[in-house]
Amino acid sequence: MQKMNLLVKNAKLFYINKLINCDLLIENGKFSKIAENIHPQGSKIIDAKFNLVTPGLVDIHVHFREPGQVHKETIETGTKASAHGGFTTVGAMPNVIPVPDDADKFSKQIELNQKNSVIHTLQYAPVTKDETSDELVDIEELDKLGAFAFSNDGHGIMNAKSMFDAMERIAAINSHLAAHVEDKNLFNKGVINFGPAATRLGLPGIQQVAETSQLARDLMLAKETGVHYHVCHISTKDGVDLVRMAKDAGINVTCEVSPHHLLLSEDDILTDDANFKMNPPLRSENDRKTLIHGLQDGTIDMIATDHAPHAENEKNQGFEKSAFGITGIETSFPLMYSRLVKTGIISLEKLLNLMSTNPSRIFDLNEAGEIKLGQKADFSIINLADEFEINKKDFISKGFNSPFIGQKVFGAVQQTYCDGQLVYSK
């Protein structure tokens with residue numbers, strides 16, 4: 001079916017790594033012309049009022065909970081929340097119930113995503129059966145069925161031989177391995193970072209070496225196999241240092257950081273409030289500052305939310321009994337813009353690369369993350385001057401579990417388009 005042509009007038013467009021004032025024409029769902037003073041040609045006109053027009057944002061790390069835990073989130077609510085946040089492409093982790101670890105279950109997951117998504121939902125396949133065993137999935141078959149990458153997110157892969165074999169096979173098909181680095185033998189049943197906040201609140205702490213010891217092992221395996229090895233939600237100074245050294249040594253490694261690890265540390269945990277409970281946990285202030293520096297110097301390649309919604313009763317029982325994880329896809333851009341760009345820590349152009357272009361290029365998402373002529377028209381219009389308070393009543397996600405509720409931020413998404421179709425409007 002022919003799609004309505006759109007003409008976006010008066011855009012401040014992020015295009016080829018710079019901001020330009022122009023008009024943007026979309027024909028049959030694709031970008032067709034970028035210029036000043038384009039004439040309507042029978043198109044529907046959208047006046048951007050010189051607000052930011054950005055490629056649809058890309059979040060490579062989300063949890064949509066369907067099937068199996070739809071009381072927390074569904075694919076529909078998760079993708080609508082993503083559109084509210086300015087995102088048009090997301091990577092869904094495979095820790096659903098059942099885990100899509102064979103051809104039948106994976107095909108059903110893909111079908112479910114396609115049926116219920118309002119944006120582009122890409123699907124990770126697990127690395128091992130049920131994400132917890134040492135037995136590898138049929139990597140080649142799941143790749144053919146549409147897995148854009150492989151991950152056991154939520155679980156570190158403990159068996160080094162399983163990880164090595166997985167890396168060899170994933171490298172052979174030119175795919176990607178995204179790792180949740182965590183040695184469960186060093187986890188110590190922790191619920192918070194091992195540090196002053198844990199001592200003050202009397203809670204078991206998670207040692208930083210649980211992250212870094214497995215990361216160091218994996219980097220050596222990645223060097224040997226040549227796989228693209230991506231580190232999920234890096235959280236420690238030593239982890240950043242390891243990735244920096246690995247990049248300097250020519251290892252094919254990239255990494256992401258989550259907004260909460262950039263903006264919060266264990267010093268912000270004043271009470272037994274599980275809205276501050278996530279895995280990896282909020283680390284020390286020194287770790288947080290190192291993550292910021294890693295973002296600035298390019299060691300960290302992208303920002304990913306690790307959007308992990310939960311029902312309210314799963315997050316109001318204190319640290320020891322509540323679930324790990326926070327919601328984040330609706331607050332990510334305004335938080336990053338307000339706390340990193342407006343404060344001069346990074347430029348707006350760098351932020352947009354971190355949240356669109358970089359993840360797209362690194363994960364070979366050929367029609368995402370950039371505005372190119374002839375490419376599908378995924379974009380968002382964002383009013384950078386629009387200040388608002390983060391309020392759970394404004395969330396589309398089923399999850400309200402955020403430590404940022406009540407904070408004032410700038411950068412409200414006005415509209416989001418996917419394939420030239422409006423999928424969110426304020």
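Along the chain as shown, the residues are counted starting at 1.
Glycine is no exception: its Cβ is also placed from the backbone N, Cα and C atoms.
What TrEMBL records for 52-238 is domain 'Dihydroorotase catalytic'.
DSSP assigns H63 (Zn(2+) 1 binding site) to coil, not to a helix or a strand. Using a 10 Å radius centred on the Cβ of H63 (Zn(2+) 1 binding site) and all shown protein chains, the other Cβ atoms total 26. Here TrEMBL flags H61, H63, D153, D306 as Zn(2+) 1 binding site.
What TrEMBL lists as substrate binding site is H63, F64, R65, N95, N279, H310, F324, G325.
Feature annotation from TrEMBL assigns Zn(2+) 2 binding site to D153, H180, H233. In three-state terms derived from DSSP, D153 (Zn(2+) 1 binding site) belongs to neither a helical nor a strand segment and is classed as coil.
For D306 (Zn(2+) 1 binding site), the same-chain residues lying six or more positions away in sequence with a CB closer than 8 A to its CB are H61, V62, H63, C232, H233, S258, M278, G325, I326, G328. Residues or ranges marked as active site in TrEMBL: D306.
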Validating a neighbour-count step here. Other CB atoms within 10 A of the CB of H180 (Zn(2+) 2 binding site): how many? 23
In sequence order, which same-chain residues at least six apart have a C-beta under 8 angstroms from H310 (substrate binding site)? K72, S322, A323, G325, T327, G399, N401
Determine which residues of this chain, when D153, H180, H233 are set aside, have a Cβ within 8 Å of the centroid of the Zn(2+) 2 site's Cβ atoms, and list them as they appear in the sequence. H61, M93, S151, G154, A178, A179, V181, E182, C232, D306
